[in-house]
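Notes follow the structure.
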């Protein structure tokens, strides 16, 4: 018990990701009476650091080094390794995001340590931390622990609840000097494709379409529904193959794995390949013309009908709800 | 250009999964080349077609993996290497596999190493980035487009749906994401040719490694299946009633709106 845990925070569009708070909740559990040290890099990190404290960190290390403005593999790896060398944490926690997936294995390689990726839960048993993670695209789960070296894990978004924000919490925010050099891979350009800035892996609600949506124009009606709900838009492989939408929206065995609270499967048959990516959603709604579609077998609520009739009705009802609540 | 693909043989997760004696039952399972590694093999072949050179596919496992290596050769790879760990007595994890691959790759000439973004069975995606670090070469993950000009490599990568363009230099290790290419199926002449292509087996003993160097750092302590999802309610009535009822159920019963 009583461990020192290092949590690497992550920002998106200048704001801390909710996942960083979820990582802090995991870290607090691992730390026991020990210390949770947050770390944050890039622009605004000084400003955002206090939020890490409000959500569970005891102190925060920040660096606004020019080389850390945006995630790059070389710069962030060096930064995290230096923090690990300075702080000697007994546990390291990151989000299982694009950044965490790129960064954590490299840090683990450099530290010659184990790493448990994509965890959705954890239990502390004495000195041991047992992590739960989905395997076989969510068709099975494994419990896994680190045998030797730092307890190192990446956390899947939307699974471990963040702690209640506590504005009374105080902690030291320290600016650290890092030596970042020899950057060999350089970002030339970033083209935003994700819609409305809602990342599928972190979305609480997802509106996903399949071949039944019939066209790229058909997807517009899904985007409109998603807008009303503040949801992310996803798609089946079939819809991507048919070029109704970009592959970046694909959910499934190849594609993204998501665990939202609410998943709308619209005009989407529910092939095994797709179910592998979303069957752990808390509530699934199917809207499908075909009463025999496999998606109905896993859906909590199903409407058998034409999506082009049902979705506009849903939009109308939801819009009214929002206005009556406003 | 010397291209090496690091490949994993995986359980086809479209198969039904069951657990026997605390382990995933593999008896009737179908094994395949990890789908993300197929993108890597395809891209390596395309790069060879453009720039010349050789494609070598490497895997760590037992002799059962020869089938998948032959498939890679039938797709168009030139050589295959199996690093046989059947006689290893210690447990292996991502750390171990990365150590084994690295100690082999250190003895090889290469300009580029390609791997999958992750393996669909375990889903960790650790081995390739670990190998890049151990070899101290450039790393670009989840690539969706790659162009090589001399030493310069321009890559598009998927960053949570956005497209990031990066520039780096050879030697580089890349992990392949969906959308990179459309992997070819082995052709009949390809399958015939593959039978004559070299498939080398290296015992892990031949790599300068002791068992204690590759002992796993993590351990799986339990496997279980999630509770099965059962069909819920199919709503009734005219479409407007159904839509209204759905919103009501999501709000009051499931409390997700």
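Here, residue 1 is simply the first one shown, and the rest follow in order.
Here the Cβ of each residue, glycine as well, is placed from N, Cα and C on the backbone.
Annotations in TrEMBL come from automatic prediction, not curation.
The shown structure was predicted, so the numbers you read here are calculated from the model rather than taken from an experiment.
Residues or ranges marked as domain 'Electron transfer flavoprotein alpha/beta-subunit N-terminal' by TrEMBL: A:5-195. Sequence annotations record features per position, and here TrEMBL assigns FAD binding site to A:211, A:236-237, A:250-254, A:267-274, A:288.
With an 8 Å limit on C-beta distances, the binding-site residues from A:211, A:253, A:268, A:274 that reach chain B are A:253. In sequence order, A:236, A:238, A:239, A:242, A:244, A:267, A:268, A:269 are the residues of the chain that are 6 or more apart from residue A:211 (FAD binding site) and have a CB within less than 8 Å of its CB.
The least crowded of the binding-site residues A:268, A:271, judged by other CB atoms within 10 A of its own CB, is A:271. Confidence annotation: the domain 'Electron transfer flavoprotein alpha/beta-subunit N-terminal' (A:5-195) carries a mean pLDDT of 95 in the model.
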